[in-house]
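**Q** The domain 'Rubredoxin-like' annotation in Swiss-Prot covers 1-54. Per Swiss-Prot, the feature Fe cation binding site maps to 6, 9, 39, 42.
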């Protein structure tokens with residue numbers, strides 16, 4: 001599973017953990033998250049995230 005980091009605020013989306021607070025189940029791949037989803041911390045869109053190596 002991959003991780004994606006917001007380039008604005010640094011918040012990290014981990015595919016393995018999902019984001020249940022927004023209804024995104026653990027194991028949800030980045031490409032399966034709706035395009036209108038926004039960063040929970042700063043509100044930017046998915047285009048402002050980059051895949052990171054951890």
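Note that Cβ sites are derived from N, Cα and C of the backbone, with glycine treated the same way.
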**Q** Quick check on the domain 'Rubredoxin-like' (1-54): DSSP residue counts for helix, strand, coil, in that order please.
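**A** Helix, strand and coil residues of the domain 'Rubredoxin-like' (1-54) number 9 helix, 15 strand, 30 coil.
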**Q** With an 8 Å cut-off on Cβ-Cβ distance and a minimum sequence separation of at least 6, pull the same-chain contacts of residue 9 (Fe cation binding site), or say none.
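**A** Same-chain residues close to residue 9 (Fe cation binding site) (Cβ under 8 Å, separated by 6 or more) are 39, 41, 42, 44.
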